[in-house]
Amino acid sequence: TQQWRLLVQTVQRQAAATAAATRDPSRTTTSSRSSPSPSTPERLRTHSIESSGKLKISPEQHWDFTAEDLKDLGEIGRGAYGSVNKMVHKPSNMIMAVKRIRSTVDEKEQKQLLMDLDVVMRSSDCPYIVQFYGALFREGDCWICMELMATSLDKFYKFVYGSLDDVIPEEILGKITLAVSLFLCFIVCFH
């Protein structure tokens with residue numbers, strides 16, 4: 001569908017930007033693959049089982065990777081698009097959240113996904129949102145690799161109000177509100 005093609009193009013732009021950032025060999029670490037690989041846009045366009053991508057874990061750490069480089073440590077959430085799993089990138093030993101988005105999502109869900117992905121990618125240098133590490137396609141599905149958080153706000157809310165039968169202190173609510181406000185300001189002011 002048109003929306004899925006837009007998602008592919010968005011991920012391709014991100015991958016191309018990451019690839020350009022990795023051209024300095026003194027700052028680049030690559031996985032132990034010895035065979036040359038096709039360009040990132042070409043790899044993403046194929047949607048094959050062996051699709052690969054680029055991970056940018058830090059300014060100094062860039063990796064070519066495939067789904068085989070990720071070890072699944074279990075599901076941590078499920079949403080409208082698919083599931084979120086805790087995974088470790090074996091070559092770097094980096095633990096991350098991987099949002100696995102089914103290619104079968106409907107047009108409305110794809111539109112929301114595109115907006116979410118666009119925000120995460122454009123905000124990679126903002127300290128008030130999870131870091132975007134990279135993405136790849138596997139069997140037509142899109143895998144988005146991001147910083148792993150200790151919990152989500154909705155799980156934290158349910159834990160405090162449900163399990164603890166307590167309230168979130170005003171000081172904590174203030175910090176959450178400030179972080180969300182600063183993130184929104186970042187998006188409006190810099191993008």
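Each Cβ is built from the backbone N, Cα and C atoms, and glycine gets one as well.
These figures come from a predicted structure and were not determined experimentally.
Now, the feature entries from TrEMBL:
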BINDING   LYS99  ATP binding site
COMPBIAS  15-41  compositional bias 'Low complexity'
DOMAIN    70-191  domain 'Protein kinase'
REGION    14-55  region 'Disordered'
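Taking DSSP states H, G and I as helix and E and B as strand, the domain 'Protein kinase' (70-191) has 48 helix, 38 strand, 36 coil. This prediction places the mean pLDDT of the domain 'Protein kinase' (70-191) at 88.
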